[in-house]
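Engineer: Pasting in a structure now, in structure tokens, and then I'll have a few things to ask.
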């Protein structure tokens, strides 16, 4: 097993009655953040919830504020801007932007409740360089479900596909919207598949 080297992170405790960020179990990636105030979120409502802590991350690290799965599953409450970003230079109190996705029931958050998880990790700083062309890749410009993986992403044979994708083949396969692919599909179907305008 690889040893995990702790990263020293100075913490300013703004409320002495609340716990510092802590890991619930060995090996956990996220340290729990708690609410420093009582908050009630109406259905669809959101609020910036204080945590009672401020931190000073080392240069080259970032803190990412992730939702707690229990809050999401039981109350429909999650972090609106997940993951929230705590930059190394930020010295203010960590605030968690919570939203209640439940359509009918208010969500009550009590002081001391665990409301989010803070994941500390290294970051790479990009050196953005303008270029007239990007190098080719197998994926190319495909995005937004272009690789499939979910039955709902396959359009029905009677429905038009998204940009660059023709309707599904009779057997449910997605067919790229290119002349060669359409020709091949017509040949496969014995000429029964109508060509889709590009």
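Just so you know, glycine gets a Cβ as well, placed from its N, Cα and C.
Here's the feature list from TrEMBL:
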- 68, 69, 70, 81, 85, 86, 87: substrate binding site (BINDING)
- 140-151: compositional bias 'Gly residues' (COMPBIAS)
- 171-198: compositional bias 'Basic and acidic residues' (COMPBIAS)
- 18-148: domain 'dUTPase-like' (DOMAIN)
- 129-198: region 'Disordered' (REGION)
Engineer: Please give the maximum pairwise Cα distance, in Å and rounded to a whole number, for the substrate-binding set 68, 69, 70, 81, 85, 86, 87.
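Structural biologist: Output for substrate binders 68, 69, 70, 81, 85, 86, 87: max Cα distance 26 Å.
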Engineer: State the three-class DSSP label for residue 86 (substrate binding site), counting H, G and I as helix, E and B as strand, and everything else as coil.
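Structural biologist: The three-state answer is strand.
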Engineer: Do any residues at least six apart in sequence from residue 87 (substrate binding site), in the same chain, have a Cβ closer than 8 Å to its Cβ, and if so which, in order?
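Structural biologist: In sequence order, 57, 62 meet the Cβ cut-off.
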Engineer: Counting only residues 6+ apart in the same chain, whose Cβ is under 8 Å from the Cβ of residue 85 (substrate binding site)?
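Structural biologist: Result: 62, 63, 64, 65.
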Engineer: Take the domain 'dUTPase-like' (18-148) and average the pLDDT across it for me.
Structural biologist: 95
Engineer: May I ask you to report the DSSP-based helix, strand or coil state of residue 68 (substrate binding site)?
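Structural biologist: Residue 68 (substrate binding site) sits in coil per DSSP, no helix or strand.
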Engineer: Taking the binding-site residues one at a time (68, 69, 70), which has its Cβ surrounded by the most other Cβ atoms within 10 Å?
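Structural biologist: Highest number of other Cβ atoms within 10 Å: 68.
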Engineer: Near residue 81 (substrate binding site), how many other Cβ atoms are within 10 Å of its Cβ?
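Structural biologist: Around the Cβ of residue 81 (substrate binding site), 11 other Cβ atoms lie within 10 Å.
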